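Below: the structure, in structure tokens.
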């Protein structure tokens, strides 16, 4: 009886009803599935360091892209940053397997390292990376007939050669270029899987400074003298810059500064403390606007559209300061000549020569000399400077051929009066020409 119980216990232990802790461990499902998939795809039976159909025709690799976001456009660095889903389609007979229901198998990035995949890279890229949160954003899907879908999520920063000659009224076209690094067109043929429909974009893509006008695809051949011809795929997109921000921040302030400089034309020319600070303030403000715009722009060797507008505006402001300097100089010069003339002129009491003053010159206020007996034009009294000229008979000395007095008109108010019309008209004409060219 004792032996029969021991035999029963040993038979139960051998059947697994009563087991040791080692027998209670569950099998490694991940390892078992990995071993099963690699065995099913016969990965160890082939050399995947070589492309499919090595020695034969080029492997066709179809590509499609879904743009997730267009993150930044930098004029200073002349580049852009884009996040996209990059998908490759090709056929590798070495990965074909038997399937009763004709269903594909999907794997993560661990299997990608064991098979052949196209060696794509981004031409003219500054930096790029594959997202790895929470795991590598890579997907591999294999179909029973050997067709493969390889997808990954990438963020790339690439160059964009911008022409800023029309900035900020410009339209920029940038391209993201995809190419095989090692395989020429004899080994690998890249193509857009469905033409322009191979490029899809998220409807929510928007940029603060640009309006995205168009996305389209192209294909070209690139030649390298050392290695040969390569298929290159292009993702082209056109961006038009929003002008309203620059109207508020640049154009309107510059226009207001120019208009403010015209206020000095209505201020009395004798009010030096009023006109000089106004001119200096507008000049310094224009300099600040120009400096601020150029600080956020690359140092290009050509003139931009905004530079033309700002510098022409600066010239208008500067000329308004020069205009007052001319008015002040001519007024001072006239006063000196009148002062010298009064010192040289004898008393003209009772002089009745045509064109001379009819009242007693000696009794008049020196500051108002020249306003008597002169007509008004357009409501503005003209100032008269008396000039000593030759006359036939001197009323005082009686000598023939001595000096007489005639009048020469110099209206120092005319410069301000004409400036009130010429400056605004010229600036309006400049704006009409400027916006008609660049809009």
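Any Cβ shown, glycine's included, is placed from N, Cα and C.
Given the structure is predicted, the values throughout are model-derived calculations rather than measurements.
The region 'Disordered' annotation in TrEMBL covers 1-29. According to TrEMBL, the domain 'Neurotransmitter-gated ion-channel ligand-binding' annotation covers 44-242. Here TrEMBL flags 243-266, 278-296, 308-330, 418-437 as transmembrane segment. The annotation domain 'Neurotransmitter-gated ion-channel transmembrane' is assigned in TrEMBL to 250-361.
Long-range contacts of the transmembrane segment (243-266) within its own chain (CB-CB distance under 8 A, at least 6 residues past either end) are made by residues 168-169, 209, 274-275, 278-279, 282, 285-286, 289, 293, 306, 309-310, 313, 316-317, 320-321, 323-324, 416, 419-420, 423-424, 427, 431. Within the model, the domain 'Neurotransmitter-gated ion-channel ligand-binding' (44-242) shows a mean pLDDT value of 92, rounded to a whole number. Counting residues per DSSP class in helix, strand and coil order gives 82 helix, 0 strand, 30 coil for the domain 'Neurotransmitter-gated ion-channel transmembrane' (250-361).
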